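Engineer: Please see the structure below; I have some questions.
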There are 2 protein chains.
Amino acid sequence: MSEQRIVRPTPISGFPEWLPQIRSVEQRWLDHIRAGFERYGFASVETPSVEALDVLMAKGETSQEVYTLHRLQADAGDDSDARLGLHFDLTVPFARYVAQHFNELVFPFKRYQVQRVWRGERPQEGRFREFTQCDIDVINVDQVPLHFDAELPRIVHEVLSGLDIPAWTLNINNRKVLQGCYEGLGIGDPLAVIRAVDKLHKIGADGVRAILVEQVGLSDEQAGVCLDLSGIRGSDTSVLDQVAKLGVRSELLSEGLDELGFVLDSLSDLPAGSVVADLSIARGLDYYTGTVYEATFDDDPGYGSICAGGRYENLAGQFIRRSLPGVGISIGLTRIFAKLVAEGRIDAGRLCPTDVLVAVPGDARRADALRTAALLRERGFNTEVYHQAAKIGKQIQYASRKGIPFVWFPPFEDGGPHEVKDLATGEQTEADPASWTRA
Amino acid sequence: MSEQRIVRPTPISGFPEWLPQIRSVEQRWLDHIRAGFERYGFASVETPSVEALDVLMAKGETSQEVYTLHRLQADAGDDSDARLGLHFDLTVPFARYVAQHFNELVFPFKRYQVQRVWRGERPQEGRFREFTQCDIDVINVDQVPLHFDAELPRIVHEVLSGLDIPAWTLNINNRKVLQGCYEGLGIGDPLAVIRAVDKLHKIGADGVRAILVEQVGLSDEQAGVCLDLSGIRGSDTSVLDQVAKLGVRSELLSEGLDELGFVLDSLSDLPAGSVVADLSIARGLDYYTGTVYEATFDDDPGYGSICAGGRYENLAGQFIRRSLPGVGISIGLTRIFAKLVAEGRIDAGRLCPTDVLVAVPGDARRADALRTAALLRERGFNTEVYHQAAKIGKQIQYASRKGIPFVWFPPFEDGGPHEVKDLATGEQTEADPASWTRA
């Protein structure tokens, strides 16, 4: 055995892994998020980790990010797996799911989905190749009420407010406002402007202006209004007045402003500044058609979005000849969590879930220890029995090193008293396993 | 849009996917299993879905089952992903995890791990290519007390007994009994006999006898004793007497019988027949060295094992120059669950987690409905607000189709009474959202 070749394991870049005391915090976060989604009636869905490549590529956008699967020792000529890829988000699988099971679902369908996704990024510091996303979407036949556009930020606000994370802001915009304004300015290719404005935080106003004038072909004046629009930001409906002052008119712009105003109004009871209309938010993806969301950390907006989403007119259109609009938002759990772990901002959780360690004074008393433990477990305490006869000091030390708060001592002889030691205070008292509760 | 090419989605063989009402049952099972593991003090660990190929192949056994990852559009010459494969079980990743984080763990380390695993099987009915395993293992430096060999079947028994599944039996054996008996018979290659006996349920006693005599080179008498041994089965320590009657002696055999006797004795309080010593159980894998476990459905043993595991002397030996023995068992969640789904033996769960739908009589009352819902949520009820103003009948119908048990009616005018309708009984009564409880 000792002559065996050793394969020394090393972390794989982009695939995070946590020690138990960090994992226990992640698990608590996941439970909290799930409970938050269920509190609003969203149902759990999971999809396979893989999709057919033509499903993943139906949008044709993110081709180089897909990991494809291959059997290590496939038989010659067997390409049955060659057309499978790991999903790179949860939106495409959800669209496929709704189309595939269309006749078996009740609409409007509100689902949450918490799963790992994979992106075939080049290994690089801070880039995840495997990470967990927490998505909620509402999808309906033909029409999705605007109330949901306001409900989703409320849920995300409620969920993230219950986690100990640095201050963050949920920015909201509406693509109809952008597109309507550009159309009102007589611009022929509004999507080109959206893509340019989407780069504002990366290349600055002058960079965007250069693209708009030199590449998209806008006049200086048109470009100026586009940039003025993207500079508007505020947490109440006064932003609508600021847009009106630009003097641009179009039906689509009015519609977008009505929608944006409705969403801001609906969220006006949230703490000031937690939801902000930011007219520079565009979201690059072509499929958003109305409300768009993007949340960033206040102290590190350059880190990128920690939640994102929006309204899409017909996401499942590639998979079924029905109109299935929806609105959704995704929390980038790993993006948030891994950053805080790396910065030492996560307080380590418990090393193990055990509440009580039952000590075993000697093998003759083991049966009694097991009975005591069974009773404590029935009463809801996570309980271990020490795994061998050993000195009591050693057993207490094990509990202490594992962060187990209580050590239980069954009677040393039949009929004697049970005792329990609170390791935090050092206090040891008589106790009855049938009625004991944590102080 | 309607001219767009439609990619009609179809299920991918071997990658199960559930409707929401089945997923909610699976979720309940997963919660139950996790709580059962935590009740015994096991800590959650998750590892990345991928491992380096040389880690996966360190045992060199299951090479053709591995899925490797490739970036769909990797740059020429970039083979940075070429050495990554999806894990095919949770034992190898756990061994790697323990070796990699050795200095940061507290031993004995008791962990549970509930994750998907992948096997590059040829697409075939009933073969899963992606499935969820629920593993518990105890790993320690140099020595793992035998108490854990008895604790693991107890945990599995407790956990599976809480799920509504058909009758099953946990079969136990000890590799030392087999190997010790074969050695006592003067057989030079006991592993060859173990591999042959492992086929007993597939090819029958005559088939095994033929292999033992013709391929392994045993005498008729040796083969006869090996088969007699494999025929011994019983739920108490009387099996030890039956082995003794074979008249074979060896130190390893005595050691194995002591261990097996200890485990059976420790579990003697469990319901009769739930744990059975079955001396035909060998578990094909080479790394088991003592206790082995294998559970099957009583009415369909041919379906194969629904749990399996055992004791290993040094699983992490490929990754670190320390002796790290362990004992573990794995519940094949998807194997169990998918079979019951296919046979219609899973009672569909809820379509959504909503307890209460708050109806909206008209848009003027929406703010009031939202306040009522917020109060109900605070009080622990999963609550939806109907998503648009609509006829009350339509709102009740939505609740009914989604299986939402209660519809709440805020006052039609300020100061009026709230009412709640129980859809199961049809009864509608006045209620206060600040104090209402489910009947």
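Residue numbers in this text run from 1 along the chain shown.
Glycine is no exception: its Cβ is also placed from the backbone N, Cα and C atoms.
Caution: TrEMBL annotation is automatic and unverified by curators.
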Engineer: Which one of A:44-65, A:418-439 shows up in TrEMBL as region 'Disordered'?
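Structural biologist: Here TrEMBL associates region 'Disordered' with the stretch A:418-439.
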Engineer: Which of A:Arg83, A:Arg119, A:Arg122, A:Arg127 shares the L-histidine site with A:Asp89, A:Leu90, A:Thr91, A:Gln133, A:Asp137, A:Arg283, A:Tyr287, A:Tyr288 per TrEMBL?
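Structural biologist: The one candidate that TrEMBL places in that L-histidine site: A:Arg119.
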Engineer: Would you measure the largest Cα separation among A:Asp89, A:Leu90, A:Thr91, A:Arg119, A:Gln133, A:Asp137, A:Arg283, A:Tyr287, A:Tyr288 for the L-histidine site and round it to whole Å?
Structural biologist: 21
Engineer: Let me spell it out: take the region 'Disordered' (A:418-439), skip the flanking residues so only those 6+ beyond its ends count, and list any with a Cβ under 8 Å from a Cβ in it.
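Structural biologist: For the region 'Disordered' (A:418-439), the list is 355-356, 372, 375-376, 379, 396, 399-400, 404-411.
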Engineer: Translate the DSSP assignment of A:Asp89 (L-histidine binding site) into the three-state scheme.
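Structural biologist: DSSP assigns A:Asp89 (L-histidine binding site) to coil.
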Engineer: By a simple count, how many Cβ atoms lie within 10 Å of the Cβ of A:Asp89 (L-histidine binding site), its own Cβ left out?
Structural biologist: 17
